[in-house]
Every structure is written in C-alpha cells, then in structure tokens.
Amino acid sequence: YSRSFSNFICIDAQATCRVRPSPPSVLLAIFLNAAFSGIPTDEEQAAGLERRILQELKKGKDPYSILKPKEYAGTKADPHVVPCIGNKRLVGCLCEEDNTAIVWFWLHEGNAQRCPSCGSYYKLIHHELPH
C-alpha cells in the first residue's frame, strides 16, 4: 500500500511541476508586438513625478536639484551661486580643503558677498519651488 501511494505522489508532483511550452501563436503575438511597437522609452514608461522631472530636464531645468551643481570660481566676477526661496540664507564655507571648522555667515540677496575668512564670493539667487 505505501509503495503505490508514494509512486502516486511522485507522479502527481512531476505532473504539476512540469513546465509546458507556450503555444506558437502566443510567442508569435509577443514577437510581433515587440517588433512593431518596440521597447518603450523612459519617457513613455515614466509616470507622475518621474515624468515631470524628465520633462523639465528636457527643457534644461533641474527642478529638484538632482544633477551635480555647476562649479564656480568663487571670484567677484564668477561667485558661488546659492539658491534661496527667501531674501537671505545662512551659508557655511569650509575655506580650505582640509578645514574641519565651518565659517558660517548670512548671505543677503543682491550683490555678491565675501566669506569673512577666506574671501570667496557667494551670491544669493532667488529659486522657485517646483510644486
């Protein structure tokens, strides 16, 4: 009795676990769909916030500061740009590469201002929030 029952279980398990190939018509439909419409692009697949970001990046804008900031010389002619939604912002300057202390100062909208310690120039630029 136990031998025939175990054989039945093994045969039943093999039957349920067997992978059946897809019919040729299904494979043909998948192939034709991919051949005519192609693989969707990032813009076609994106939805919601991701779509909004991709549209703004196409226009040359970086609404959520995703990209690496542009590097500035820090001179009076080419000051470091600091985005702000108000008319003043607290800025921290490391001054030197190996410094462990940060020099903090208030930056006001208008002309470029110097760091009191190292002399690098910073300029506050009004920034609109994306939402």
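Any Cβ shown, glycine's included, is placed from N, Cα and C.
Note that the coordinates shown come from a computational prediction; the quantities given were computed from them, not determined experimentally.
Taken straight from TrEMBL:
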BINDING   C93, C95, C115, C118  Zn(2+) binding site
MOD_RES   K70  N6-acetyllysine
MOD_RES   K88  N6-acetyllysine
MOD_RES   K123  N6-acetyllysine
Remaining residues near the recorded Zn(2+) site, that is with C-beta within 8 Å of the centroid of the site residues C93, C95, C115, C118: L94, E96, V103, P116, S117, G119, S120
C95 (Zn(2+) binding site) has its Cβ surrounded, within 10 angstroms, by a count of other Cβ atoms equal to 16
Per 10 Å Cβ neighbour count, which of the modified residues K70, K88 ranks highest? K88
Measuring Cα to Cα, tell me the gap between C93 (Zn(2+) binding site) and K123 (N6-acetyllysine) in whole angstrom. 13
Look up K123 (N6-acetyllysine) in the DSSP assignment and reduce it to helix, strand or coil. strand
What Cα-Cα separation, expressed in whole Å, is found between C115 (Zn(2+) binding site) and K70 (N6-acetyllysine)? 19
Nearest by Cα to K70 (N6-acetyllysine), of the recorded positions K88, C95, C118, K123, is K123
Report the same-chain neighbours of C118 (Zn(2+) binding site): residues 6+ apart in sequence with Cβ closer than 8 Å to its Cβ, ordered by sequence. C93, C95, E96, V103
Sequence gap of 6 or more, Cβ distance under 8 Å: name the residues on the same chain that satisfy this around K123 (N6-acetyllysine), in order along the sequence. P79, H80, V81, V82, L107, N111, A112, Q113
Cβ atoms other than its own within 10 Å of the Cβ of C93 (Zn(2+) binding site), all chains, total 21
